[in-house]
Amino acid sequence: MPLKVIGPYRVLETLGSGGAGTVYRALDRRTTDEVALKLLSAGPARDARAARRLAREFDTLVDLSHPNVVKVFESGVHQGVPYLAMELIEGLTLRHYLDLSSGDRQTPPGSHTPRSPLSVLRTADDDFGPLSRSFSDSMDDSEDSPFDGTFGLEAFAEEAPSEDLESFASSASPHVGIGSDDSLEGFDLPPPMPRPAEPEEEPGRVVREEDLNRPERMGRLKDAMLQICEALAYIHGHGLVHRDLKPSNIMVDDDRQVRLMDFGLAKFLADDAAITEAGKLVGTYRYMAPEQILGEPLDGRADLYSLGVILYELLSGRPPFDAKTPHELWRQVLETEPPPVLALNLHGDPQLARVAHRLIRKEPDDRFQTAEEVYEALSE
């Protein structure tokens with residue numbers, strides 16, 4: 001009989017698939033609640049060290065409970081393959097939420113208005129790490145398109161990595177694996193959703209200052225940043241570093257509550273040396289702190305750097321560095337200074353700009369040292 005059950009969960013459909021595994025919509029047969037079920041692929045699961053590390057990580061994630069952090073329900077192993085069950089989230093990405101005009105309406109609390117065909121359903125893990133997608137995908141995380149910020153089932157499909165990225169990773173470390181096609185032998189589960197054609201981008205599209213500086217947008221931005229600081233203060237207080245903080249991992253639900261997601265890359269601080277050895281990198285390129293690029297031990301200040309890149313982008317309308325290749329991007333992050341936010345957005349908020357620039361300083365000791373400090377600076 002075809003196997004469509006993983007532990008206590010009945011698989012309903014595939015939400016997305018990548019080199020490290022697949023995310024399913026599943027039903028908890030004990031409670032009848034729907035969850036997002038992340039199932040590791042067979043290849044990584046055969047790596048004993050990776051499996052042990054994931055087991056430790058999963059145990060920690062289950063213990064997290066904070067209103068601004070997506071809830072992980074439980075972890076387990078099915079036929080030797082680790083899985084992670086987490087809540088399904090409905091809402092908008094941070095970028096799309098900020099782009100709502102005063103005439104737009106996010107679904108209010110308690111509303112059950114039917115969704116459009118392009119659902120905004122989003123789970124806690126649509127990105128299985130930096131090496132499972134093409135470099136252009138990672139670099140284009142903030143590029144606008146007609147679909148930007150809204151996530152349907154197609155948002156979980158992933159492209160194969162580019163040749164440039166494969167050759168770069170191969171030269172960087174023989175231990176870095178890319179785009180594995182390992183599947184779960186013996187599993188008769190829904191196949192991954194095919195990736196739809198990408199919508200054409202508007203040529204020469206420029207973000208206008210008046211759009212960036214709309215009072216309602218700036219109010220939402222500041223409130224969202226404060227909530228993110230609360231989430232980071234919580235996870236850092238539990239000895240964790242997110243390591244992959246980026247706009248698509250920050251959702252705003254129907255109650256305007258920010259939800260920090262995708263802790264698939266979160267690690268114990270105590271395991272730092274083992275995780276970064278042999279050139280193994282986790283995170284999305286544009287948002288990586290210099291010390292993360294260099295493979296050095298990380299603490300919460302690496303997440304604060306990523307937060308600074310996000311804030312810089314949302315204030316200026318562009319990323320701090322505009323390289324087209326990994327080599328050039330990492331050189332810029334390590335060696336060059338980005339243009340001042342207020343040179344790109346003349347009427348931007350000076351206080352938020354100061355916070356962004358301090359967060360993205362190259363030396364961790366020169367940044368804010370804790371999320372609580374960032375919260376206080378944003379509140380001034």
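Every residue gets a Cβ built from N, Cα and C, even glycine.
Feature annotations, courtesy of Swiss-Prot:
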ACT_SITE  D244  active site, proton acceptor
BINDING   L15, G16, S17, G18, G19, A20, G21, T22, V23, K38  ATP binding site
COMPBIAS  103-116  compositional bias 'Polar residues'
COMPBIAS  202-214  compositional bias 'Basic and acidic residues'
DOMAIN    9-378  domain 'Protein kinase'
REGION    100-150  region 'Disordered'
REGION    162-214  region 'Disordered'
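In this structure, L15 (ATP binding site) is part of a beta strand by DSSP. According to its DSSP assignment, V23 (ATP binding site) is in a strand.
Here S17 (ATP binding site) is positioned 18 angstrom away from D244 (active site, proton acceptor), judged by their C-alpha atoms.
Regional average pLDDT for the domain 'Protein kinase' (9-378) in the model is 71. Within 10 Å of the C-beta atom of D244 (active site, proton acceptor) sit 24 other C-beta atoms, taking all shown protein chains into account.
According to DSSP, D244 (active site, proton acceptor) sits in a coil region rather than a helix or strand. Neighbour density around each Cβ, counted as other Cβ atoms within 10 Å, peaks among the binding-site residues L15, V23 at L15.
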